[in-house]
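Straight from TrEMBL, the features:
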- A:6-78: domain 'Glycine transporter' (DOMAIN)
- A:30-51: transmembrane segment (TRANSMEM)
- A:63-81: transmembrane segment (TRANSMEM)
- A:87-108: transmembrane segment (TRANSMEM)
- A:90-163: domain 'Glycine transporter' (DOMAIN)
- A:115-135: transmembrane segment (TRANSMEM)
- A:147-164: transmembrane segment (TRANSMEM)
- A:171-190: transmembrane segment (TRANSMEM)
(Lines of atoms letter the chains of each structure in order from A and count residues from 1; the text may use other names and numbers.)
(Lines give C-alpha, C1' and ligand atoms only; values in the text may rest on other atoms or scores of the structure.)
Protein backbone atom coordinates (compact mmCIF):
# COMPACT_ATOMS: atom_id res chain seq x y z
CA UNK A 1 0.00 0.00 0.00
CA UNK A 2 2.90 2.33 0.75
CA UNK A 3 3.98 1.76 -2.86
CA UNK A 4 0.66 3.05 -4.22
CA UNK A 5 0.87 6.06 -1.95
CA UNK A 6 4.45 6.56 -3.09
CA UNK A 7 3.42 6.66 -6.75
CA UNK A 8 0.74 9.23 -5.96
CA UNK A 9 3.29 11.21 -3.97
CA UNK A 10 5.95 11.36 -6.68
CA UNK A 11 3.26 12.32 -9.19
CA UNK A 12 2.16 15.26 -7.02
CA UNK A 13 5.75 16.35 -6.38
CA UNK A 14 6.60 16.10 -10.09
CA UNK A 15 3.64 18.35 -10.89
CA UNK A 16 4.82 20.90 -8.34
CA UNK A 17 8.21 20.81 -10.02
CA UNK A 18 6.69 21.34 -13.46
CA UNK A 19 4.84 24.44 -12.28
CA UNK A 20 8.06 25.86 -10.79
CA UNK A 21 9.79 25.24 -14.13
CA UNK A 22 6.93 27.04 -15.87
CA UNK A 23 7.48 30.08 -13.67
CA UNK A 24 11.01 30.20 -15.10
CA UNK A 25 9.80 29.75 -18.69
CA UNK A 26 11.69 26.51 -19.15
CA UNK A 27 11.17 24.36 -22.21
CA UNK A 28 9.60 20.90 -22.08
CA UNK A 29 12.95 19.31 -21.40
CA UNK A 30 13.53 21.62 -18.47
CA UNK A 31 10.06 20.80 -17.19
CA UNK A 32 10.86 17.08 -17.29
CA UNK A 33 14.20 17.57 -15.54
CA UNK A 34 12.75 19.71 -12.73
CA UNK A 35 9.76 17.36 -12.33
CA UNK A 36 12.10 14.40 -12.03
CA UNK A 37 14.37 16.02 -9.44
CA UNK A 38 11.52 17.47 -7.39
CA UNK A 39 9.96 14.03 -7.09
CA UNK A 40 13.02 11.80 -6.83
CA UNK A 41 15.74 14.25 -5.72
CA UNK A 42 15.04 13.85 -2.01
CA UNK A 43 15.48 10.09 -2.17
CA UNK A 44 18.55 10.54 -4.35
CA UNK A 45 20.25 12.85 -1.85
CA UNK A 46 19.35 10.42 0.95
CA UNK A 47 20.80 7.46 -0.94
CA UNK A 48 24.02 9.33 -1.69
CA UNK A 49 24.43 10.61 1.90
CA UNK A 50 23.84 7.10 3.27
CA UNK A 51 26.05 5.45 0.64
CA UNK A 52 22.98 3.41 -0.39
CA UNK A 53 24.00 2.41 -3.92
CA UNK A 54 22.58 1.72 -6.43
CA UNK A 55 20.36 4.79 -6.04
CA UNK A 56 16.73 3.63 -5.70
CA UNK A 57 15.23 5.04 -8.90
CA UNK A 58 17.97 3.50 -11.08
CA UNK A 59 16.41 0.13 -10.17
CA UNK A 60 12.83 1.27 -10.78
CA UNK A 61 12.41 2.66 -14.32
CA UNK A 62 8.69 3.01 -13.54
CA UNK A 63 9.44 5.85 -11.13
CA UNK A 64 11.37 7.67 -13.85
CA UNK A 65 8.57 7.34 -16.41
CA UNK A 66 5.94 8.33 -13.86
CA UNK A 67 7.61 11.57 -12.83
CA UNK A 68 8.54 12.68 -16.34
CA UNK A 69 5.04 11.91 -17.63
CA UNK A 70 3.47 13.74 -14.68
CA UNK A 71 5.66 16.76 -15.40
CA UNK A 72 4.71 16.90 -19.08
CA UNK A 73 1.01 16.30 -18.45
CA UNK A 74 1.09 19.24 -16.04
CA UNK A 75 1.90 21.51 -18.98
CA UNK A 76 -1.38 20.47 -20.61
CA UNK A 77 -3.35 20.79 -17.39
CA UNK A 78 -1.73 24.02 -16.24
CA UNK A 79 -4.77 26.19 -16.82
CA UNK A 80 -6.85 24.02 -14.48
CA UNK A 81 -4.26 23.76 -11.74
CA UNK A 82 -5.44 26.65 -9.65
CA UNK A 83 -8.87 25.02 -9.28
CA UNK A 84 -7.13 21.96 -7.89
CA UNK A 85 -5.14 23.81 -5.26
CA UNK A 86 -6.87 22.17 -2.31
CA UNK A 87 -6.44 18.71 -3.77
CA UNK A 88 -2.75 19.23 -4.38
CA UNK A 89 -2.12 20.58 -0.92
CA UNK A 90 -3.48 17.28 0.40
CA UNK A 91 -1.50 15.15 -2.08
CA UNK A 92 1.63 17.10 -1.29
CA UNK A 93 1.13 16.51 2.44
CA UNK A 94 0.59 12.79 1.80
CA UNK A 95 3.82 12.80 -0.17
CA UNK A 96 5.69 14.52 2.64
CA UNK A 97 4.66 11.85 5.14
CA UNK A 98 5.25 8.94 2.75
CA UNK A 99 8.72 10.21 1.80
CA UNK A 100 9.64 10.72 5.45
CA UNK A 101 8.58 7.22 6.48
CA UNK A 102 10.34 5.62 3.51
CA UNK A 103 13.51 7.60 4.20
CA UNK A 104 13.57 6.51 7.84
CA UNK A 105 13.14 2.89 6.76
CA UNK A 106 16.09 3.00 4.38
CA UNK A 107 18.41 4.37 7.09
CA UNK A 108 17.04 1.95 9.72
CA UNK A 109 17.75 -1.00 7.43
CA UNK A 110 21.34 0.20 6.98
CA UNK A 111 21.83 0.38 10.76
CA UNK A 112 22.47 4.09 11.13
CA UNK A 113 22.28 6.00 14.42
CA UNK A 114 18.83 7.30 15.41
CA UNK A 115 19.59 10.93 14.66
CA UNK A 116 20.82 9.97 11.20
CA UNK A 117 17.64 7.95 10.65
CA UNK A 118 15.55 11.01 11.48
CA UNK A 119 17.67 13.13 9.15
CA UNK A 120 17.30 10.55 6.37
CA UNK A 121 13.53 10.81 6.75
CA UNK A 122 13.55 14.60 6.64
CA UNK A 123 16.01 14.64 3.72
CA UNK A 124 13.75 12.38 1.69
CA UNK A 125 10.77 14.54 2.64
CA UNK A 126 12.09 18.00 1.88
CA UNK A 127 15.15 17.83 -0.38
CA UNK A 128 13.20 17.39 -3.59
CA UNK A 129 11.65 20.80 -2.97
CA UNK A 130 15.02 22.29 -2.05
CA UNK A 131 16.61 21.03 -5.29
CA UNK A 132 13.59 22.29 -7.27
CA UNK A 133 14.03 25.78 -5.84
CA UNK A 134 17.82 25.81 -6.26
CA UNK A 135 17.48 24.75 -9.91
CA UNK A 136 14.82 27.43 -10.40
CA UNK A 137 17.05 30.05 -8.79
CA UNK A 138 14.99 30.93 -5.74
CA UNK A 139 15.39 30.57 -1.98
CA UNK A 140 14.10 27.15 -0.87
CA UNK A 141 10.50 27.73 0.19
CA UNK A 142 10.39 24.75 2.56
CA UNK A 143 12.98 26.49 4.75
CA UNK A 144 10.96 29.68 5.08
CA UNK A 145 7.25 28.95 5.28
CA UNK A 146 4.47 27.39 7.28
CA UNK A 147 5.23 24.18 9.12
CA UNK A 148 6.50 21.82 6.45
CA UNK A 149 9.94 20.52 7.30
CA UNK A 150 8.81 20.46 10.93
CA UNK A 151 5.98 18.11 10.00
CA UNK A 152 8.57 15.81 8.51
CA UNK A 153 10.57 15.98 11.76
CA UNK A 154 7.57 15.15 13.94
CA UNK A 155 6.50 12.30 11.66
CA UNK A 156 10.00 10.84 11.66
CA UNK A 157 10.26 10.91 15.46
CA UNK A 158 6.75 9.51 15.93
CA UNK A 159 7.43 6.75 13.42
CA UNK A 160 10.67 5.73 15.12
CA UNK A 161 9.02 5.72 18.57
CA UNK A 162 6.21 3.44 17.40
CA UNK A 163 8.58 1.12 15.54
CA UNK A 164 10.76 0.99 18.63
CA UNK A 165 7.73 0.13 20.78
CA UNK A 166 6.94 -2.76 18.47
CA UNK A 167 3.59 -1.33 17.36
CA UNK A 168 2.25 -3.11 14.23
CA UNK A 169 3.17 -1.57 10.90
CA UNK A 170 -0.39 -0.74 9.91
CA UNK A 171 -1.08 1.21 13.08
CA UNK A 172 2.31 2.91 12.85
CA UNK A 173 1.59 4.08 9.32
CA UNK A 174 -1.94 5.15 10.25
CA UNK A 175 -0.58 7.22 13.13
CA UNK A 176 2.17 8.79 11.01
CA UNK A 177 -0.22 9.81 8.24
CA UNK A 178 -2.90 11.05 10.64
CA UNK A 179 -0.57 13.22 12.66
CA UNK A 180 1.36 14.44 9.61
CA UNK A 181 -1.70 15.36 7.55
CA UNK A 182 -3.43 16.98 10.52
CA UNK A 183 -0.36 19.10 11.37
CA UNK A 184 0.07 20.16 7.77
CA UNK A 185 -3.60 21.06 7.31
CA UNK A 186 -3.67 23.05 10.55
CA UNK A 187 -0.49 24.83 9.47
CA UNK A 188 -1.97 25.80 6.11
CA UNK A 189 -5.42 26.73 7.42
CA UNK A 190 -4.20 29.00 10.24
CA UNK A 191 -0.83 29.88 8.70
CA UNK A 192 1.07 28.35 11.59
CA UNK A 193 4.80 28.60 11.20
CA UNK A 194 7.96 28.37 13.23
CA UNK A 195 9.45 31.67 14.38
CA UNK A 196 11.25 33.35 11.51
CA UNK A 197 14.82 34.61 11.95
CA UNK A 198 15.43 37.94 10.24
CA UNK A 199 18.93 39.33 10.22
CA UNK A 200 20.11 42.25 8.16
CA UNK A 201 23.43 43.18 9.70
CA UNK A 202 26.36 42.93 7.36
CA UNK A 203 28.96 40.86 9.12
CA UNK A 204 31.89 38.55 9.00
CA UNK A 205 32.08 35.99 6.21
CA UNK B 1 40.21 9.33 -30.77
CA UNK B 2 37.31 9.84 -28.40
CA UNK B 3 39.94 10.81 -25.81
CA UNK B 4 41.31 13.63 -28.01
CA UNK B 5 37.78 14.85 -28.63
CA UNK B 6 37.11 14.62 -24.90
CA UNK B 7 40.10 16.85 -24.10
CA UNK B 8 38.91 19.42 -26.63
CA UNK B 9 35.43 19.17 -25.16
CA UNK B 10 36.43 19.76 -21.53
CA UNK B 11 38.61 22.66 -22.67
CA UNK B 12 35.67 24.32 -24.40
CA UNK B 13 33.34 23.70 -21.46
CA UNK B 14 35.93 25.05 -19.00
CA UNK B 15 36.19 28.22 -21.06
CA UNK B 16 32.41 28.64 -21.03
CA UNK B 17 32.57 28.26 -17.23
CA UNK B 18 35.30 30.88 -16.94
CA UNK B 19 33.22 33.41 -18.89
CA UNK B 20 30.22 32.76 -16.64
CA UNK B 21 32.44 33.32 -13.59
CA UNK B 22 33.62 36.57 -15.17
CA UNK B 23 30.03 37.76 -15.47
CA UNK B 24 29.82 37.39 -11.68
CA UNK B 25 33.14 39.20 -11.10
CA UNK B 26 34.74 36.20 -9.48
CA UNK B 27 38.43 36.14 -8.66
CA UNK B 28 40.91 33.81 -10.38
CA UNK B 29 40.22 31.07 -7.87
CA UNK B 30 36.51 31.31 -8.55
CA UNK B 31 37.22 31.17 -12.28
CA UNK B 32 39.21 27.96 -11.81
CA UNK B 33 36.50 26.38 -9.63
CA UNK B 34 33.68 27.20 -12.06
CA UNK B 35 35.77 26.11 -15.07
CA UNK B 36 36.51 22.80 -13.38
CA UNK B 37 32.88 22.07 -12.46
CA UNK B 38 31.49 23.18 -15.82
CA UNK B 39 33.82 20.78 -17.60
CA UNK B 40 33.90 17.85 -15.19
CA UNK B 41 30.74 18.36 -13.12
CA UNK B 42 28.48 16.45 -15.50
CA UNK B 43 30.66 13.36 -15.32
CA UNK B 44 30.95 13.78 -11.57
CA UNK B 45 27.19 13.84 -11.06
CA UNK B 46 26.87 10.81 -13.35
CA UNK B 47 29.51 8.86 -11.42
CA UNK B 48 27.86 9.68 -8.09
CA UNK B 49 24.35 8.80 -9.30
CA UNK B 50 25.61 5.50 -10.74
CA UNK B 51 27.77 4.73 -7.70
CA UNK B 52 30.75 4.62 -10.06
CA UNK B 53 33.60 5.20 -7.60
CA UNK B 54 36.32 6.35 -7.74
CA UNK B 55 34.98 9.37 -9.64
CA UNK B 56 36.63 9.47 -13.09
CA UNK B 57 38.68 12.68 -12.82
CA UNK B 58 40.24 11.60 -9.50
CA UNK B 59 42.09 8.96 -11.56
CA UNK B 60 43.06 11.38 -14.36
CA UNK B 61 44.99 14.37 -12.95
CA UNK B 62 45.47 15.50 -16.56
CA UNK B 63 41.77 16.36 -16.81
CA UNK B 64 42.04 18.52 -13.69
CA UNK B 65 45.07 20.45 -14.98
CA UNK B 66 43.49 20.85 -18.43
CA UNK B 67 40.26 22.39 -17.17
CA UNK B 68 41.88 24.72 -14.65
CA UNK B 69 44.45 25.89 -17.18
CA UNK B 70 41.75 26.43 -19.80
CA UNK B 71 39.77 28.49 -17.31
CA UNK B 72 42.71 30.73 -16.41
CA UNK B 73 43.84 31.16 -20.00
CA UNK B 74 40.32 32.32 -20.83
CA UNK B 75 40.87 35.33 -18.58
CA UNK B 76 43.79 36.38 -20.77
CA UNK B 77 41.89 35.71 -24.00
CA UNK B 78 38.61 37.21 -22.86
CA UNK B 79 38.79 40.25 -25.09
CA UNK B 80 39.05 38.03 -28.18
CA UNK B 81 36.32 35.63 -27.20
CA UNK B 82 33.48 37.33 -29.01
CA UNK B 83 35.32 36.95 -32.31
CA UNK B 84 35.50 33.24 -31.67
CA UNK B 85 31.81 32.77 -30.99
CA UNK B 86 31.19 30.56 -34.03
CA UNK B 87 34.15 28.35 -33.23
CA UNK B 88 33.04 27.85 -29.65
CA UNK B 89 29.51 27.03 -30.60
CA UNK B 90 30.92 24.17 -32.68
CA UNK B 91 33.33 23.01 -29.94
CA UNK B 92 30.54 23.16 -27.39
CA UNK B 93 28.33 21.01 -29.63
CA UNK B 94 31.17 18.51 -30.08
CA UNK B 95 31.52 18.42 -26.32
CA UNK B 96 27.82 17.80 -25.85
CA UNK B 97 27.90 14.77 -28.14
CA UNK B 98 31.17 13.40 -26.73
CA UNK B 99 29.95 13.74 -23.14
CA UNK B 100 26.67 12.05 -23.99
CA UNK B 101 28.32 9.07 -25.68
CA UNK B 102 30.85 8.67 -22.86
CA UNK B 103 28.10 8.88 -20.24
CA UNK B 104 26.07 6.18 -21.97
CA UNK B 105 29.12 3.94 -22.13
CA UNK B 106 29.81 4.22 -18.40
CA UNK B 107 26.25 3.23 -17.52
CA UNK B 108 26.21 0.44 -20.14
CA UNK B 109 29.38 -1.03 -18.68
CA UNK B 110 27.80 -1.04 -15.20
CA UNK B 111 24.75 -2.93 -16.53
CA UNK B 112 22.07 -0.33 -15.84
CA UNK B 113 18.59 -0.37 -17.40
CA UNK B 114 18.27 1.33 -20.81
CA UNK B 115 16.42 4.38 -19.51
CA UNK B 116 19.12 4.90 -16.87
CA UNK B 117 21.79 4.60 -19.58
CA UNK B 118 20.08 7.35 -21.58
CA UNK B 119 19.82 9.49 -18.45
CA UNK B 120 23.51 8.91 -17.68
CA UNK B 121 24.35 10.18 -21.17
CA UNK B 122 22.19 13.28 -20.80
CA UNK B 123 23.47 13.94 -17.27
CA UNK B 124 27.06 13.87 -18.50
CA UNK B 125 26.09 16.12 -21.39
CA UNK B 126 24.17 18.84 -19.60
CA UNK B 127 24.90 18.80 -15.87
CA UNK B 128 28.17 20.69 -16.12
CA UNK B 129 26.23 23.64 -17.51
CA UNK B 130 23.55 23.27 -14.85
CA UNK B 131 26.14 23.32 -12.04
CA UNK B 132 27.85 26.31 -13.68
CA UNK B 133 24.61 28.26 -13.68
CA UNK B 134 23.62 27.24 -10.15
CA UNK B 135 27.03 28.29 -8.83
CA UNK B 136 26.71 31.57 -10.73
CA UNK B 137 23.22 32.15 -9.30
CA UNK B 138 21.18 32.04 -12.49
CA UNK B 139 18.50 29.78 -13.93
CA UNK B 140 20.14 26.89 -15.84
CA UNK B 141 20.21 28.02 -19.46
CA UNK B 142 20.27 24.51 -20.90
CA UNK B 143 16.77 23.97 -19.49
CA UNK B 144 15.33 27.04 -21.18
CA UNK B 145 16.86 27.57 -24.61
CA UNK B 146 17.23 26.26 -28.12
CA UNK B 147 17.54 22.52 -28.54
CA UNK B 148 20.44 21.52 -26.37
CA UNK B 149 19.44 18.92 -23.83
CA UNK B 150 17.18 17.45 -26.53
CA UNK B 151 20.21 16.97 -28.77
CA UNK B 152 21.78 14.98 -25.97
CA UNK B 153 18.62 12.85 -25.69
CA UNK B 154 18.51 12.11 -29.43
CA UNK B 155 22.23 11.31 -29.53
CA UNK B 156 21.90 8.97 -26.55
CA UNK B 157 18.99 7.06 -28.10
CA UNK B 158 20.65 6.87 -31.53
CA UNK B 159 23.89 5.66 -29.97
CA UNK B 160 22.14 2.92 -27.99
CA UNK B 161 20.18 1.76 -31.03
CA UNK B 162 23.32 1.43 -33.14
CA UNK B 163 25.26 -0.31 -30.36
CA UNK B 164 22.33 -2.65 -29.88
CA UNK B 165 22.26 -3.41 -33.62
CA UNK B 166 25.93 -4.34 -33.47
CA UNK B 167 27.04 -1.52 -35.80
CA UNK B 168 30.81 -0.97 -35.66
CA UNK B 169 32.05 1.60 -33.17
CA UNK B 170 33.49 3.94 -35.81
CA UNK B 171 30.25 4.17 -37.73
CA UNK B 172 28.28 4.54 -34.51
CA UNK B 173 30.43 7.47 -33.40
CA UNK B 174 30.30 9.03 -36.85
CA UNK B 175 26.51 8.83 -36.85
CA UNK B 176 26.23 10.22 -33.31
CA UNK B 177 28.47 13.20 -34.05
CA UNK B 178 26.88 13.91 -37.45
CA UNK B 179 23.33 13.89 -36.15
CA UNK B 180 24.20 15.73 -32.93
CA UNK B 181 26.19 18.50 -34.62
CA UNK B 182 23.64 18.90 -37.39
CA UNK B 183 20.74 19.18 -34.91
CA UNK B 184 22.62 21.66 -32.78
CA UNK B 185 23.67 23.84 -35.73
CA UNK B 186 20.14 23.86 -37.15
CA UNK B 187 18.81 24.78 -33.70
CA UNK B 188 21.20 27.70 -33.36
CA UNK B 189 20.84 28.94 -36.96
CA UNK B 190 17.03 28.99 -37.01
CA UNK B 191 16.51 29.33 -33.25
CA UNK B 192 14.65 26.03 -33.04
CA UNK B 193 13.54 25.19 -29.55
CA UNK B 194 11.12 22.95 -27.74
CA UNK B 195 7.84 24.55 -26.71
CA UNK B 196 8.35 26.72 -23.65
CA UNK B 197 6.09 26.34 -20.61
CA UNK B 198 5.18 29.66 -19.02
CA UNK B 199 3.19 29.62 -15.83
CA UNK B 200 2.57 32.58 -13.60
CA UNK B 201 -0.23 31.46 -11.34
CA UNK B 202 0.62 31.46 -7.66
CA UNK B 203 -0.32 28.06 -6.38
CA UNK B 204 0.15 25.28 -3.92
CA UNK B 205 3.61 24.57 -2.57
CA UNK C 1 43.75 18.60 19.78
CA UNK C 2 42.69 18.82 16.15
CA UNK C 3 39.32 17.44 17.32
CA UNK C 4 38.81 20.34 19.76
CA UNK C 5 39.74 22.81 17.05
CA UNK C 6 37.37 21.01 14.69
CA UNK C 7 34.46 21.41 17.12
CA UNK C 8 35.20 25.13 17.47
CA UNK C 9 35.45 25.37 13.68
CA UNK C 10 32.11 23.72 12.92
CA UNK C 11 30.49 25.89 15.59
CA UNK C 12 31.77 29.06 13.94
CA UNK C 13 30.77 27.87 10.46
CA UNK C 14 27.30 26.88 11.69
CA UNK C 15 26.86 30.38 13.14
CA UNK C 16 27.87 31.94 9.82
CA UNK C 17 25.25 29.72 8.16
CA UNK C 18 22.58 30.79 10.63
CA UNK C 19 23.21 34.47 9.91
CA UNK C 20 22.97 33.83 6.16
CA UNK C 21 19.63 32.05 6.73
CA UNK C 22 18.48 35.05 8.76
CA UNK C 23 19.22 37.33 5.82
CA UNK C 24 16.73 35.24 3.84
CA UNK C 25 14.13 35.31 6.63
CA UNK C 26 14.16 31.56 7.06
CA UNK C 27 12.34 29.90 9.93
CA UNK C 28 14.14 28.05 12.73
CA UNK C 29 14.14 24.84 10.74
CA UNK C 30 15.75 26.59 7.80
CA UNK C 31 18.33 28.09 10.17
CA UNK C 32 19.20 24.60 11.45
CA UNK C 33 19.45 23.17 7.94
CA UNK C 34 21.70 25.95 6.64
CA UNK C 35 23.84 25.86 9.80
CA UNK C 36 24.31 22.12 9.40
CA UNK C 37 25.28 22.29 5.73
CA UNK C 38 27.57 25.29 6.15
CA UNK C 39 29.50 23.47 8.86
CA UNK C 40 29.44 19.90 7.58
CA UNK C 41 28.68 20.34 3.87
CA UNK C 42 32.31 20.71 2.84
CA UNK C 43 33.26 17.42 4.44
CA UNK C 44 30.16 15.81 2.98
CA UNK C 45 31.03 16.86 -0.58
CA UNK C 46 34.60 15.66 -0.01
CA UNK C 47 33.44 12.26 1.26
CA UNK C 48 31.07 11.82 -1.68
CA UNK C 49 33.67 12.88 -4.29
CA UNK C 50 36.23 10.52 -2.76
CA UNK C 51 33.74 7.68 -2.34
CA UNK C 52 34.53 7.77 1.40
CA UNK C 53 31.41 6.08 2.80
CA UNK C 54 29.91 6.17 5.34
CA UNK C 55 29.99 9.98 5.28
CA UNK C 56 31.88 11.20 8.36
CA UNK C 57 29.10 12.97 10.27
CA UNK C 58 26.79 9.97 10.03
CA UNK C 59 29.22 8.24 12.40
CA UNK C 60 29.52 11.23 14.77
CA UNK C 61 26.09 12.32 16.03
CA UNK C 62 27.90 14.85 18.22
CA UNK C 63 28.83 16.89 15.16
CA UNK C 64 25.19 16.99 14.10
CA UNK C 65 23.98 18.19 17.52
CA UNK C 66 26.79 20.73 17.78
CA UNK C 67 26.05 22.43 14.47
CA UNK C 68 22.28 22.51 14.88
CA UNK C 69 22.59 23.85 18.43
CA UNK C 70 25.10 26.47 17.31
CA UNK C 71 22.72 27.56 14.55
CA UNK C 72 19.77 27.95 16.89
CA UNK C 73 21.77 29.70 19.60
CA UNK C 74 22.88 32.20 16.97
CA UNK C 75 19.27 33.32 16.64
CA UNK C 76 19.28 34.29 20.33
CA UNK C 77 22.68 35.96 20.11
CA UNK C 78 22.07 37.69 16.78
CA UNK C 79 21.88 41.19 18.21
CA UNK C 80 25.37 40.84 19.72
CA UNK C 81 26.99 39.32 16.67
CA UNK C 82 28.26 42.50 15.13
CA UNK C 83 30.28 43.24 18.26
CA UNK C 84 31.94 39.87 17.86
CA UNK C 85 32.95 40.38 14.25
CA UNK C 86 36.69 40.30 14.96
CA UNK C 87 36.40 37.16 17.05
CA UNK C 88 34.44 35.35 14.34
CA UNK C 89 36.85 36.34 11.61
CA UNK C 90 39.56 34.58 13.61
CA UNK C 91 37.41 31.52 14.38
CA UNK C 92 36.40 31.30 10.73
CA UNK C 93 40.05 31.41 9.68
CA UNK C 94 40.90 28.67 12.19
CA UNK C 95 38.07 26.64 10.73
CA UNK C 96 39.34 27.13 7.20
CA UNK C 97 42.79 25.78 8.12
CA UNK C 98 41.44 22.91 10.23
CA UNK C 99 39.01 21.81 7.50
CA UNK C 100 41.75 21.96 4.87
CA UNK C 101 44.19 19.84 6.89
CA UNK C 102 41.50 17.28 7.77
CA UNK C 103 40.37 17.08 4.14
CA UNK C 104 43.93 16.44 2.95
CA UNK C 105 44.32 13.71 5.54
CA UNK C 106 41.20 11.87 4.43
CA UNK C 107 42.33 11.81 0.79
CA UNK C 108 45.91 10.87 1.77
CA UNK C 109 44.63 7.91 3.76
CA UNK C 110 42.63 6.72 0.74
CA UNK C 111 45.74 6.87 -1.47
CA UNK C 112 44.61 9.50 -3.96
CA UNK C 113 46.94 11.40 -6.29
CA UNK C 114 48.55 14.55 -4.85
CA UNK C 115 46.44 16.98 -6.86
CA UNK C 116 43.29 15.21 -5.66
CA UNK C 117 44.55 15.41 -2.07
CA UNK C 118 44.97 19.17 -2.42
CA UNK C 119 41.51 19.45 -3.95
CA UNK C 120 40.03 17.37 -1.11
CA UNK C 121 41.56 19.85 1.36
CA UNK C 122 40.19 22.87 -0.47
CA UNK C 123 36.79 21.23 -0.95
CA UNK C 124 36.51 20.60 2.79
CA UNK C 125 37.64 24.15 3.47
CA UNK C 126 35.37 26.10 1.16
CA UNK C 127 32.41 23.99 0.04
CA UNK C 128 30.37 24.53 3.18
CA UNK C 129 30.32 28.24 2.36
CA UNK C 130 29.49 27.53 -1.28
CA UNK C 131 26.52 25.33 -0.31
CA UNK C 132 25.38 27.96 2.19
CA UNK C 133 25.34 30.62 -0.51
CA UNK C 134 23.67 28.38 -3.11
CA UNK C 135 20.93 27.45 -0.63
CA UNK C 136 20.51 31.14 0.23
CA UNK C 137 20.30 32.04 -3.48
CA UNK C 138 23.39 34.20 -3.80
CA UNK C 139 26.68 33.98 -5.67
CA UNK C 140 29.23 32.07 -3.55
CA UNK C 141 31.21 34.73 -1.70
CA UNK C 142 34.31 32.59 -1.26
CA UNK C 143 34.78 32.62 -5.04
CA UNK C 144 34.70 36.42 -5.28
CA UNK C 145 36.39 38.02 -2.29
CA UNK C 146 39.59 38.56 -0.41
CA UNK C 147 42.02 35.67 -0.24
CA UNK C 148 40.02 32.82 1.24
CA UNK C 149 40.03 29.81 -1.04
CA UNK C 150 43.64 30.71 -1.88
CA UNK C 151 44.55 30.41 1.79
CA UNK C 152 43.13 26.91 1.72
CA UNK C 153 45.24 26.12 -1.35
CA UNK C 154 48.47 27.39 0.23
CA UNK C 155 47.76 25.56 3.50
CA UNK C 156 47.06 22.31 1.63
CA UNK C 157 50.29 22.50 -0.35
CA UNK C 158 52.36 23.49 2.70
CA UNK C 159 50.83 20.66 4.72
CA UNK C 160 51.57 18.07 2.05
CA UNK C 161 55.15 19.30 1.65
CA UNK C 162 55.84 19.02 5.38
CA UNK C 163 54.17 15.62 5.65
CA UNK C 164 56.21 14.47 2.66
CA UNK C 165 59.41 15.73 4.29
CA UNK C 166 58.59 13.67 7.37
CA UNK C 167 58.28 16.72 9.67
CA UNK C 168 56.58 15.85 12.98
CA UNK C 169 52.82 16.28 13.11
CA UNK C 170 52.89 18.97 15.78
CA UNK C 171 55.25 21.19 13.84
CA UNK C 172 53.34 20.55 10.62
CA UNK C 173 50.07 21.65 12.23
CA UNK C 174 51.73 24.65 13.86
CA UNK C 175 53.13 25.74 10.50
CA UNK C 176 49.82 25.21 8.71
CA UNK C 177 47.86 27.23 11.26
CA UNK C 178 50.46 29.99 11.49
CA UNK C 179 50.72 30.53 7.76
CA UNK C 180 46.98 30.13 7.17
CA UNK C 181 45.92 32.54 9.93
CA UNK C 182 48.56 35.08 9.00
CA UNK C 183 47.59 35.05 5.32
CA UNK C 184 43.92 35.36 6.16
CA UNK C 185 44.46 38.22 8.64
CA UNK C 186 46.66 40.11 6.19
CA UNK C 187 44.05 39.59 3.47
CA UNK C 188 41.27 40.98 5.66
CA UNK C 189 43.29 43.87 7.10
CA UNK C 190 44.59 45.18 3.78
CA UNK C 191 41.82 43.77 1.59
CA UNK C 192 44.23 41.65 -0.39
CA UNK C 193 42.55 39.63 -3.08
CA UNK C 194 43.34 37.74 -6.23
CA UNK C 195 42.75 39.60 -9.48
CA UNK C 196 39.05 39.68 -10.30
CA UNK C 197 37.82 38.62 -13.74
CA UNK C 198 35.00 40.82 -15.03
CA UNK C 199 33.35 39.88 -18.27
CA UNK C 200 30.18 41.38 -19.62
CA UNK C 201 30.14 40.31 -23.25
CA UNK C 202 27.13 38.22 -24.21
CA UNK C 203 28.51 35.16 -25.90
CA UNK C 204 28.14 31.55 -26.87
CA UNK C 205 26.41 29.19 -24.46
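Backbone N, Cα and C define each Cβ position, glycine as well.
Across the domain 'Glycine transporter' (A:6-78), DSSP classifies residues as 62 helix, 1 strand, 10 coil. Highlighted: of the candidate stretches A:30-51, A:63-81, A:171-190, A:171-190 has the greatest count of Cβ pairs under 8 Å to the transmembrane segment (A:147-164).
Highest Cβ pair count under 8 Å relative to the transmembrane segment (A:87-108), across stretches A:30-51, A:63-81, A:171-190: A:171-190. Long-range contacts of the transmembrane segment (A:171-190) within its own chain (CB-CB distance under 8 A, at least 6 residues past either end) are made by residues 1-2, 89-90, 93-94, 96-97, 100-101, 146-148, 150-152, 154-155, 158-159, 162-163. Broken down by DSSP into helix, strand and coil, the domain 'Glycine transporter' (A:90-163) contains 60 helix, 1 strand, 13 coil. Sequence-distant residue pairs (6 or more apart) of the transmembrane segment (A:63-81) and the transmembrane segment (A:30-51) include at least 3 whose Cβ atoms are under 8 Å, placing the two stretches in contact. Remote same-chain residues near the transmembrane segment (A:30-51) are listed as 9-11, 13-18, 20-22, 24, 57, 63-64, 66-68, 70-72, 74-75, 99, 102-103, 106-107, 110, 112, 116, 120, 123-132, 135-136 (criterion: CB distance under 8 Å, separation of at least six residues from the stretch ends). For the domain 'Glycine transporter' (A:90-163), the predicted model reports an average pLDDT of 96.
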